[in-house]
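Annotated transmembrane segment per TrEMBL: 25-48, 60-78, 98-120, 140-165, 197-225, 237-261, 273-292, in sequence order. As annotated by TrEMBL, domain 'G-protein coupled receptors family 1 profile' applies to 41-290.
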Amino acid sequence: MEKQNLSVLNEFLLMGVTNRPELQAPFFVLFFLVYVASVVGNLGMIILTKLDERLQTPMYFFLRHLAFIDFGYSTAVGPKMLVSFVTNENTINYNWCAIQLALFIFFIISELFVLAAMAYDRYVAICSPLLYTVIMSQKVCWVLVTIPYLFSAFLSLITTIKIFISSFCGHNVISHFYCDSLPLLTLICSGTHDIELIILIFSAFNLISSLSVVLVSYILILVAIFRMNSAEGRHKAFSTCGSHLTVVIVLYGTLSFMYIQPKSNHSFETDKMASVFYTLVIPMLNPIIYSLRNKEVKGAIQKLWKNLCKVCI
């Protein structure tokens, strides 16, 4: 493939998840089902927590935004990935590639800080239950999601603009199934030191700062739990925290593996598998882990189902 300059480059070629023909059909069916489950689960959670009056609490407020974020970044990546399994030439328009990168960065950073806000919410609920409604007021809840959204949008624009104002003079083949920052850097012929530094510094800051909030919150939660006299209360608190911690560990682990390491150590094949996990699997699991195991959500679903049945009859 001939080298191309930025002025004539109008599309990229995505390598997809796999280049083995025998795996194309099974992967399409698998990831289609995963994506549909993710969309149904997250949109369902948004609608349910908005309609049911029993779910108008800070915890479900954050769950609603988490569902919105999960729906956002899985949709930014999922449909295009599914197309790659049924087309011979998986190309993406230059501008759409920039939009996909910007959306993905925005949603993935937002998820980190919303998870941190949820950890703080659980800390207040367990350690200061009598002051919970005062501390976690509607205004505070909106601040805890608005600031991450604004910060994420800022970083998303900076990273995307820095990458796409650079000169792509190499091959236009992206060794990934979506437009991610690290594979795109390998296509830039001008100096990438500044962009790499921005990605490294802000990735480390985002991971460390949000994870610090989670760790501090859970250390204080564990101290409060061990001081509880009620075994039932301890079990309930552990159950709630365990679900949240499971997703936190998996998400932070895969992101740390991908971004907090030198570019020379990256294996894009390994990164693609990790990316599939946190772009499709985690968004599918989150509604189940956080909500469908919850009695209040189950009750809201049953109530909604009964109302729908009455309307149909």
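Using N, Cα and C of the backbone, Cβ positions are placed for all residues, glycine too.
Any TrEMBL annotation is an automated prediction that lacks curation.
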Would you confirm whether the transmembrane segment (98-120) and the transmembrane segment (25-48) meet the contact rule of 3 or more C-beta pairs below 8 angstroms, pairs 6 or more apart in sequence?
no
Please report, as numbers and ranges, the same-chain residues at least 6 past the borders of the transmembrane segment (273-292) whose CB is under 8 Å from any CB of it.
17, 31, 34-35, 37-38, 41-42, 44-45, 63, 66-67, 70-71, 73-74, 77-78, 81, 104, 108, 176-178, 180, 243-244, 246-247, 250-251, 254-255, 257-258, 298, 301
What mean pLDDT does the predicted model reach across the domain 'G-protein coupled receptors family 1 profile' (41-290)?
85
Same-chain residues at least 6 beyond the ends of the transmembrane segment (60-78) whose Cβ lies under 8 Å from its Cβ atoms:
31, 35, 38-39, 41-43, 45-46, 49-50, 100, 103-104, 106-108, 110-111, 114-115, 117-118, 121, 141, 144-145, 177-178, 275, 279-280, 282-284, 286-287, 290-291
